[in-house]
Amino acid sequence: MENIVLIGMPLSGKSTLGRELSKILKYDLIDTDTLIEEMEDKSIKEIFKIYGEDYFREKELKIINKLKKESNKVISTGGGLPIYNKNIYELKKIGFTVYLKVPLEELIKRMVKKEYDTRPLLKNNDTKFLEEMYKNRIEIYEKAHTIICNTNYKESLITIVRTYKKWKGI
C-alpha cells in the first residue's frame with residue numbers, strides 16, 4: 001500500500017503535518033476522527049458522551065477496514081486508534097506508519113496552552129491523565145515503521161517525505 005499513516009499522542013501534530021504532507025505528495029488527506037464525525041453527524045465529544053468509548057472504537061475499526069482498499073493517501077489517525085484491538089498491525093498493512101513522537105513535557109505545554117474541549121480524553125487539561133496515557137501508549141506507538149521526533153515542524157516534514165520515499169524505493 002502506498003499510504004502514509006500518522007500515529008501518535010493527541011497534540012502531537014498528526015492533523016497539521018497530515019495536511020502539509022498531503023499537499024507535498026499530492027495525496028488525499030483522510031483524518032479518521034473527522035471521518036467518524038461526518039459518518040455520525042456528531043462531534044467526537046458527543047459520540048463519547050452519548051454512545052461511549054467502545055462504540056467510538058468500533059467505528060475506528062470499520063474505518064481501518066475501509067482504508068485497506070485505499071492508496072496514495074495521508075491518513076491522520078486519532079491518538080487512540082493504533083492502541084485498541086491491535087490496530088497498529090492493521091495500520092502497518094495499510095501503509096507506511098509514522099509515529100510522531102513528542103516529549104511528554106512538550107505535550108503538556110501544548111495542552112495547557114490551549115483548551116482542548118473537543119478531545120474527550122483530555123478534558124480539564126488533566127496533566128496526570130496525559131502522563132498516564134503517554135506511558136501506556138508509547139510501546140505500541142513505537143511499533144510504527146519509523147519514529148519522527150516532532151518538535152520542529154519543517155524538519156519533521158522533510159524527514160517524513162525522505163523516509164517514505166526510501167521505504168517505497170524511490
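Cβ coordinates are placed from backbone N, Cα and C, and glycine is handled just like the others.
Binding of substrate is attributed by Swiss-Prot to Arg57, Gly79, Arg137, and within the candidate set Asp28, Asp31, Asp33 the record adds Asp33 to that site. Using Gly79 (substrate binding site) as the reference Cα, a 10 A cut-off selects Ser12, Lys14 from the binding-site residues Ser12, Lys14, Thr16. Taking the C-alpha positions, the distance from Arg57 (substrate binding site) to Leu11 (ATP binding site) comes to 19 Å. With all protein chains in the displayed structure included, the most crowded Cβ environment within 10 Å among the binding-site residues Lys14, Arg57, Arg137 is that of Lys14. Here the binding-site residues are Ser12, Ser15, Thr16, and the one with the most other Cβ atoms within 10 Å of its Cβ is Ser12. For Lys14 (ATP binding site) paired with Asp33 (substrate binding site), the C-alpha to C-alpha distance reads 11 Å.
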